[in-house]
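Trainee: Dropping the structure in here first, questions after.
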Amino acid sequence: MASWNSLQLEITYRVMGWMAFTCWSVGFYPQVILNFRRKSVVGLSFDFVVLNLTKHSSYLIYNATLYFSSAVQKQYWEKYGSGQMIPVAVNDVAFSAHAVLITAIILFQIAIYDRGTQKVSKIAIGIVVAVWLGAAVCFFVALPTHSWLWLINIFNSIQVFMTVVKYTPQAFMNFMRKSTDGFSIGFYLLDFSGGVTNYAQMAVLSIDQDSWVNFFGNMGKVLLSLISISFDLLFMCQRFLLYPAKKAPIPPPPPQITSKGSLEPLLQSSSSASPTHTV
């Protein structure tokens with residue numbers, strides 16, 4: 001098992017990891033709070049949330065299995081070399097577990113708050129069913145030979161696929177509505193920060209080990225960061241450039257009330273200011 005060559009880089013790696021955890025985890029809460037305050041989920045894509053739950057569940061299976069299972073770690077070292085470090089950190093496991101929990105809470109909000117005419121599309125339901133059926137088939141394929149590393153890499157590939165798929169409905173909804181109202185700005189700003197720090201964490205590990213194997217060993221984490229950054233930039237463009245929030249009109253000042261209690265107009269016309277002369 002490999003060890004760190006630089007204490008400074010090890011500390012940087014851990015700090016970057018928990019920064020990514022904080023940004024990505026806190027990024028869920030603006031949407032939860034927004035839904036709670038509005039008592040409505042109109043403007044939030046339900047497909048996004050449903051697909052997100054499948055995505056994070058798949059990622060949790062990958063992270064937790066590779067981090068805790070000695071059998072899977074052994075297969076990893078057999079494939080990539082015994083001198084390589086496991087490319088999953090404890091912050092990855094913590095993030096995945098938290099993401100599954102908070103996404104389930106958002107689904108509960110969808111169930112109890114005003115939804116308008118929105119609903120989960122049949123396409124999203126079909127994708128989720130197909131993904132889990134495919135995962136079940138892969139499990140029975142891996143079972144006879146105990147190809148667990150191959151199996152969890154399937155789940156890692158699922159989370160990459162779902163990352164692309166989950167963002168698309170929200171981007172499309174923003175385009176169709178020509179508005180980002182109902183979709184929390186805090187979510188994608190923090191999501192962007194999490195993607196940058198997550199990628200930086202892997203870069204630090206590669207620099208310390210003088211090897212880019214961890215990128216190939218956990219390509220899902222790399223693609224997760226790059227895809228998240230790309231879509232977050234799109235959401236920022238929609239929010240600030242394409243569909244900026246409209247400012248509420250300023251109401252006119254109330255009419256002045258005289259001491260006699262009668263309403264006095266603020267402006268008098270010139271005709272009413274002087275008496276009318278008849279010929």
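Here the Cβ of each residue, glycine as well, is placed from N, Cα and C on the backbone.
Whatever TrEMBL says is automated annotation, not expert-curated.
Remember, predicted model here, so these are calculated numbers, not experimental data.
Positions annotated as compositional bias 'Polar residues' by TrEMBL: 257-279. TrEMBL lists 253-279 with the feature region 'Disordered'. For 15-36, 48-68, 88-111, 123-142, 148-165, 185-207, 219-237, the entry in TrEMBL reads transmembrane segment.
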Trainee: Would you mind listing the long-range same-chain contacts of the transmembrane segment (219-237), meaning Cβ under 8 Å and 6+ residues beyond its ends?
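Mentor: That would be 59, 62, 87-88, 92, 153, 156-157, 159-160, 163-164, 167, 170-171, 174, 180, 183, 188-189, 191-192, 194-196, 198-199, 202.
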Trainee: Counting only pairs 6 or more apart in sequence, are there at least 3 Cβ pairs under 8 Å between the transmembrane segment (185-207) and the transmembrane segment (15-36)?
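Mentor: Result for the transmembrane segment (185-207) with the transmembrane segment (15-36) is yes.
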Trainee: Quick one: find which recorded stretch in 15-36, 48-68, 123-142 has the most Cβ pairs under 8 Å with the transmembrane segment (88-111).
Mentor: 48-68
Trainee: Could you give the residue numbers and ranges of same-chain residues that sit at least 6 residues beyond the transmembrane segment (148-165) on either side and whose C-beta is under 8 angstroms from one of its C-beta atoms?
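Mentor: Long-range Cβ neighbours of the transmembrane segment (148-165): 51-52, 54-56, 58-59, 61-62, 65-66, 69, 71-72, 75-76, 79, 127, 131, 134-135, 138-139, 142, 218-220, 223-224, 227-228.
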Trainee: For the transmembrane segment (48-68), find every same-chain residue at least 6 residues outside the stretch whose CB is under 8 Å from a CB in it, and list them.
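Mentor: For the transmembrane segment (48-68), the list is 76, 86-90, 92-93, 96-97, 99-100, 103-104, 106-107, 110, 120, 124-125, 127-128, 131-132, 135, 148-149, 152-153, 155-156, 158-159, 162-163, 165-167, 169-170, 220, 224.
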